[in-house]
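K.L.:
Below is the structure I would like to discuss, written out as structure tokens.
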Amino acid sequence: MNIVILAAGTGKRMRSALPKVLHPLAGRPLLAHVIDTARTLKPTHLVVVIGHGAEAVRKAVAAPDVQFAVQEQQLGTGHAVQQALPLLDPSAPTLVLYGDVPLTRAGTLQALTDRAGQGGYGVLTVTLADPSGYGRIVRDAHGKVARIVEQKDATPEQLAIAEINTGIIVAPTERLGDWLAALKNDNAQGEFYLTDAVEMAIEAGLEVVTTQPDHEWETLGVNSKQQLAELERIHQRNVADALLVAGVTLADPARLDVRGTLECGRDVSIDVNCVFEGRVTLADNVTVGPNCVIRNANIGAGTRVDAFTHIEGAEVGANVVLGPYARLRPGASLHDESHVGNFVEVKNAVLGHGSKANHLTYIGDADIGARVNIGAGTITCNYDGANKFRTIIEDDVFVGSDTQLVAPVRVKRGATIAAGTTVWKDVEADALVLNDKTQTSRTGYVRPTKKKS
């Protein structure tokens, strides 16, 4: 089977310089969702027709299995499909999809192609309470499809029809090419309509068959920011419903955003206003507090992620406590039972089993062993303005508050760093390190006072 995805439109109502099909839904371009669905049908040829913003669209979705055809002038859907014909297998049927209709399910498309068979013409239709704006399916006295009439060309009687054309069709490729070549643009829009090929198919003796999706939202398209927002909420509701069915506890399904894939184990609980991006895995008994952002991360069993924690590109072990207001940046690896508390940032660093950094700390480019205590206000000074250096802290080290570790530096097993110390040389095992400081007290000191005006 061939699949053609039309993605050449300008999207004027979006009021944006970004091509319409590249506007994000759940964090990915609209067109990417359509391509993903198309791939599940295993087409032999997958062609995207591009036009407005062609190079940006090509760059955004380029892949070895995707071919591109260019529609230099946007002269209608029939003209767009014509541009793809040279790239198709003429002996296989062609399914036509739209780059701005992202929520159609693969099962719906499979049902349409199965109904049409190898040589039939199939149209996906929907019956709407309010069909305004859509082309109507006109049937004959026997209930068979006779033609499709666009809204602007319809008579008052035809406008009363509730069954509408979604634009998604499947047809025999070789014959479709002949029909498209015979299209005329004598209509209100002055365009070559793909829908006009229906009458030609009927005249050629083909019965045009139809199927309908299980849900109206499967065929909703995006022509404005309002419609984009509506589809975003529909998609997120569907994701939330699937998580609930799988046993995940959601404090409020309407306040969850998944912009990628979220895999959850048993007894996972997610509070409100959480965002998951990329590929995220939450193992059994993970609890995520409110207002967290987790991107491309794996969170181990029993871990608690408290409010306002941001995690990106991190590996988190089991029974870890994170936050509130913690930040894990790419390359962070937290072993089991470690703690990263409020206003602690970890980047490209390992925190060993049972180690704790509970307050106001920056840990960057560091390898920290097991059972290490990192006091409040500790900074690993990893950057000299040109190069990054690593800090190594071995097992059972105690680092006091307000410590600066100037990398490259190693603190060996069991050492103690006194509060307020700057460490710029390696520390031996079990040693106490402190910077000698003299404390001076003055009796009778009087604070300066402001002059009264």
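Every residue gets a Cβ built from N, Cα and C, even glycine.
Residues or ranges marked as region 'Pyrophosphorylase' by Swiss-Prot on the basis of sequence analysis: 1-225. As annotated by Swiss-Prot, UDP-N-acetyl-alpha-D-glucosamine binding site applies to 6-9, Lys20, Gln71, 76-77, 98-100, Gly135, Glu150, Asn165, Asn223, Arg329, Lys347, Tyr362, Asn373, with the evidence given as sequence analysis. Under the heading Mg(2+) binding site, Swiss-Prot lists Asp100, Asn223, citing sequence analysis as support. What Swiss-Prot lists as region 'Linker' is 226-246, and the listing cites sequence analysis. Residues or ranges marked as region 'N-acetyltransferase' in Swiss-Prot (evidence: sequence analysis): 247-453. According to Swiss-Prot, the feature active site, proton acceptor maps to His359, an assignment based on sequence analysis. Residues annotated as acetyl-CoA binding site in Swiss-Prot: Ala376, Asn382, Tyr383, Ser401, Ala419.
Help me understand the surroundings of these features in the structure.
P.N.:
The Cβ of Glu150 (UDP-N-acetyl-alpha-D-glucosamine binding site) lies under 8 Å from the Cβ of Gly135, Asn187, Ala188, Gln189, Tyr193, Thr195, each of these being in the same chain and 6 or more residues away along the sequence.
Long-range Cβ contacts of Asn223 (Mg(2+) binding site) within its own chain (separation 6+, distance under 8 Å): Gly11, Arg13, Met14, Lys20, Asp100.
Residue counts for the region 'Linker' (226-246) under DSSP (helix as H, G, I; strand as E, B; rest coil) come to 20 helix, 0 strand, 1 coil.
When pLDDT is averaged over the region 'N-acetyltransferase' (247-453), the result is 97.
In sequence order, Gly341, Asn342, Phe343, Val344, Gly375, Ala376, Gly377 constitute the residues six or more apart from His359 (active site, proton acceptor) in its chain with CB-CB distances below 8 Å.
The Cβ of Ala376 (acetyl-CoA binding site) has 18 neighbouring Cβ atoms from other residues within 10 Å, across all protein chains displayed. Secondary structure at Ala376 (acetyl-CoA binding site), as computed by DSSP, is coil.
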K.L.:
Report, in whole Å, the straight Cα-to-Cα distance of Gly99 (UDP-N-acetyl-alpha-D-glucosamine binding site) from Ser401 (acetyl-CoA binding site).
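P.N.:
Between the alpha carbons of Ser401 (acetyl-CoA binding site) and Gly99 (UDP-N-acetyl-alpha-D-glucosamine binding site) there are 56 Å.
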K.L.:
Cα of Tyr383 (acetyl-CoA binding site) to Cα of Gly99 (UDP-N-acetyl-alpha-D-glucosamine binding site): how many Å, rounded?
P.N.:
46
K.L.:
For His359 (active site, proton acceptor), which DSSP three-state class applies?
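P.N.:
DSSP assigns His359 (active site, proton acceptor) to strand.
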